[in-house]
Amino acid sequence: MSNRKYFGTDGIRGRVGNAPITPDFVLKLGWAAGKVLARHGSRKIIIGKDTRISGYMLESALEAGLAAAGLSASFTGPMPTPAVAYLTRTFRAEAGIVISASHNPFYDNGIKFFSIDGTKLPDDVEEAIEAEMEKEITCVDSAELGKASRIVDAAGRYIEFCKGTFPNELSLNGLKVVVDCANGATYHIAPNVLRELGATVIAIGCEPNGVNINEEVGATDVRALQARVLAEKADLGIALDGDGDRVIMVDHEGNKVDGDQIMYIIAREGLRQGQLRGGAVGTLMSNMGLELALKQLGIPFSRAKVGDRYVLEKLQEKGWRIGAENSGHVILLDKTTTGDGIVAGLQVLAAMVRNHMSLHDLCSGMKMFPQILVNVRYTAGSGDPLENEAVKAVTADVEATLGNRGRVLLRKSGTEPLIRVMVEGEDEAQVTAFAHRIADAVKAV
């Protein structure tokens, strides 16, 4: 990815009004993508967005660029990222485009592409789009210009898809669920899915105004959800992020249930039902408790680099079906092609109903290890702290002390001059002290 000028691991993202998230850039991106995608034959593109106010501006720019290249755009309106992937497949569109910055604040936005099969665009297509970006815009003949239309039943189609991933013989009757939609793209989807499956639903974070997406709500901040679950005496809470590709849950006691625990529940249930193919993929940040719990069940476990893109690559490499990040990206390849918060949440609910167990009890087979993360800022250009001998020595000493009952992970942030120091083990006081000891060594570089 290092030779890319615009595309990162998750499309193109930035602050609105600053390059590259400007109207003129996005118009040209639409044109360049249109030129490349038109070579493949189909001339239909699906465009969805989350609830950021800048989405209106950016979808108009994309539409203009695509039309100039001769491609027609079909708009879904606010729609979760996994819904756009699904609709791209079912409409046999050449590509799907999502305008979203996921869990970021409203003043950020981004552009992400899906291919005709609902997966990420191949690298060679992204590279071809970047090459077109270097050319001057030329407009096709007037008779060949693209058109724009709306998919009026997009939400209904996706709601039915989500419900179809929940076992027909089960229902959510009798369950009280609080769902937090982060004032994002699932606000008109998730509550309806749960209600139509029989649950009593209390919805929060479902009043988007263009600037409140992810603001003290959603998968990145579950405090409001925890409080509401306790106040309503609900059976559980479900928190989605701004574009609906992450899910974090809350049990009836108000305890947070993260992506590692969600994957454990789904993998164990798959094993019980005889439906688990192969093992499970986590990341370098996945809790050691997950690895040990899966090992006890005889389920193979593999770690990918941090990022749902790398989880998906590892799943494809191994031919496995289930992967997750502790941040709540859960990928279930037997159900969908990308991380889907609603679909993952439904599989946990199915396990609860089928086993007559609370979410709290479903998590009890996995003991979470204390995991301490310290971010240390360093001066870019002053040498690599990870190659420093003193840092290496302290890290080796901590690893030797922890043995096979803990882990140390040092990695650079992909976006800032930060070293992330993570120490994990059985004793919280010990791992906290170890994390700060390593962090102090990094600071001294």
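Cβ coordinates come from backbone N, Cα and C, glycine included.
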Listed alongside Asp241, Asp243, Asp245 for Mg(2+) in Swiss-Prot, from Ser102, Ser115, Ser364, Ser382, is Ser102
In all the protein chains shown, the tally of other Cβ atoms within 10 Å of the Cβ of Asp245 (Mg(2+) binding site) is 32
Ser102 (phosphoserine) has its Cβ surrounded, within 10 angstroms, by a count of other Cβ atoms equal to 29
Within the same chain, the residues at least 6 apart in sequence whose Cβ is under 8 angstroms from that of Asp243 (Mg(2+) binding site) are Asp50, Pro80, Thr81, Val98, Ser100, Ser102, His103, Gly184, Ala185
Near Mg(2+): residues not in Ser102, Asp241, Asp243, Asp245 with Cβ within 8 Å of the site Cβ centroid are Asp50, Pro80, Thr81, Ser100, His103, Gly184, Ala185, Ala219, Leu240, Gly242, Gly244, Arg246, Gly339, Gly341
